[in-house]
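Beneath this line is the structure, given in structure tokens, with notes to follow.
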Amino acid sequence: MAQNREFFYRRLHSLLGVIPVGLFLTQHLVVNHFATRGADAFNKAAAFMEQLPFRYFLEIFVIFLPLLFHAIYGLYIAFTAQNNVSRYGYFRNWMFMLQRLTGIITLIFVVWHVWETRVQAAFGVEVNYDMMANIVANPFMLAFYIVGIVSAVFHFANGLWSFFVSWGITVTPRSQQISTYVTMGIFVALSIVGIRAILAFV
Amino acid sequence: MSENRTIRIIVTRQDRPDTAPYEEEFVIPYRPNMNIISVLMEIRRNPVNAKGEKTTPVAWEMNCLEEVCGACSMVINGKPRQSCTALVDQLEQPIRLEPMRTFPVIRDLQVDRSRMFDSLKKVKAWIPIDGTYDLGPGPRMPERKRQWAYELSKCMTCGVCLEACPNVNSKSNFIGPAPLSQVRLFNAHPTGAMHKAERLEAIMGDGGLANCGNSQNCVQSCPKGIPLTTSIAALNRAATIQMFRNFFGSDEV
Ligand code: HEM
Ligand code: SF4
Ligand code: FES
């Protein structure tokens with residue numbers, strides 16, 4: 001790697017985690033939440049998303065490439081840390097460890113989820129309510145989905161906290177404390193949206 | 001504890017930088033008000049381990065004996081701290097002493113903290129005042145700011161914050177919290193601020209500021225109570241501005 005690129009890559013990683021990946025995650029969960037209003041509502045919402053103009057362009061540049069960069073560089077960051085929560089059991093150190101752990105869980109989940117849905121769609125399978133209902137009919141897969149959703153949402157919410165620090169927005173301990181409350185609020189709220197959505201397919 | 005009138009100490013020892021570490025236990029007579037330095041001095045006076053075998057005295061470093069030089073830092077019962085201010089009466093026994101492994105071990109509890117001093121050079125943690133002619137007095141510093149800066153100037157380069165940081169390890173080249181906070185200190189100084197951009201450029205390089213992952217162990221561990229994570233966040237803000245200046249252009253050089 002070229003010299004002195006690290007700062008740029010880290011800031012890019014941080015930015016992409018929120019814009020667009022974090023925004024996409026939020027949007028994705030909200031659209032899925034239509035499933036709570038029944039199969040038709042979900043199918044209509046999903047069809048609307050599928051018919052967005054420039055769909056492939058949006059998928060590649062707003063979702064796929066940013067996520068790919070964030071995930072690969074995130075793995076590198078995660079594996080350069082030497083976690084030490086047993087020695088330093090402070091709250092933020094736990095969050096540091098969980099940020100890395102949920103990143104890895106999210107990666108495994110997302111790869112599986114994309115394979116099962118988007119890649120199958122590329123092979124001609126129709127993505128709709130029934131497809132998801134079939135997947136989560138298996139209790140093991142339902143548990144896997146819940147873990148995946150909660151870990152992605154935690155990773156995003158806590159990532160938002162560190163995003164505010166990384167860009168120098170929250171500087172004082174007080175602002176960082178309030179930011180913890182707000183981002184954990186986002187974690188709870190988005191988790192409810194995500195879990196309600198997945199349970200609607202059961 | 002005081003009935004048995006002895007102190008049990010388990011020291012992680014290492015004979016040479018390239019040899020394997022091993023543990024050795026010592027039992028020494030209790031005296032009131034001992035610190036870890038006096039325990040190590042007692043072992044040095046009579047280097048016999050708990051099995052009654054004669055051994056070599058334990059090597060460690062010390063200088064000021066009042067927690068201002070940082071030389072005597074080691075891991076005591078799992079936490080990195082200064083051995084001169086670690087009081088035996090406040091420690092659980094057996095007392096475990098280990099070197100701060102984040103740094104290369106020279107011998108026993110003695111480590112080489114050179115990388116911290118190299119980092120201070122790298123980030124230009126000084127104020128250049130030399131010229132080919134008398135530059136005259138610099139601008140005055142407001143008293144409130146001086147008091148604020150004094151807190152940051154208490155850093156003794158002890159290495160505790162690097163030891164506590166999960167991102168400072170053999171897999172990364174992160175310079176750690178202490179030298180970063182020094183950039184904030186010297187950039188806050190009215191004369192030092194004339195070289196602000198240079199210092200920011202230095203920490204925006206590889207192994208610099210961006211390596212912080214916000215575990216915040218440093219601020220919890222610093223014996224001098226330096227607001228390290230506030231410094232890091234403040235530098236993040238300064239670096240954001242510097243980044244835009246560099247890219248879009250600015251007359252602030
Ligand atoms: C749903 C997808 C994801 C979202 C929304 C997301 C979001 C974020 C956000 C907002 C941050 C904070 C950036 C900062 O500290 O400034 C972050 C950090 C991080 N992400 Fe992700 N991320 C996702 C997937 C992943 C994946 C798959 C990995 C791979 C392991 C990963 C690894 C990391 C790591 C290690 C950090 C910590 C960086 C640091 O503290 O320096 N992320 N993520
Ligand atoms: S910032 Fe604190 S812990 Fe770190 S080297 Fe300086 S005095 Fe030691
Ligand atoms: S001897 Fe100087 S800090 Fe302990």
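Yeah, the Cβs are placed from backbone N, Cα and C, and that goes for glycine too.
These features come from TrEMBL:
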TRANSMEM  A:12-34  transmembrane segment
BINDING   A:His28, A:His70, A:His113, A:His155  heme binding site
TRANSMEM  A:54-76  transmembrane segment
TRANSMEM  A:97-115  transmembrane segment
TRANSMEM  A:135-157  transmembrane segment
TRANSMEM  A:178-199  transmembrane segment
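Annotated features, which come from TrEMBL, shown on the structure.
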residue: A:His28; record: heme binding site; contacts (Cβ under 8 Å, 6+ apart): none
residue: A:His70; record: heme binding site; contacts (Cβ under 8 Å, 6+ apart): A:His13, A:Leu16, A:Gly17, A:Val21
residue: A:His113; record: heme binding site; contacts (Cβ under 8 Å, 6+ apart): A:Tyr145, A:Gly148
residue: A:His155; record: heme binding site; contacts (Cβ under 8 Å, 6+ apart): A:Gln99, A:Thr102, A:Gly103, A:Thr106
Same-chain residues at least 6 beyond the ends of the transmembrane segment (A:12-34) with CB under 8 Å of its CB atoms are 41-42, 44-46, 49, 62-63, 66-67, 69-70, 73-74, 77, 149, 152-153, 156, 159-160, 162-163, 166-167, 190, 193-194, 196-198, 200
Measure between the Cα atoms of every pair in A:His28, A:His70, A:His113, A:His155, the residues the record assigns to heme, and report the largest value in Å, rounded to a whole number. 18
DSSP output for A:His28 (heme binding site) maps to helix
Listed in sequence order, the binding-site residues from A:His28, A:His113, A:His155 whose CB sits under 6 Å from ligand 1 are A:His155
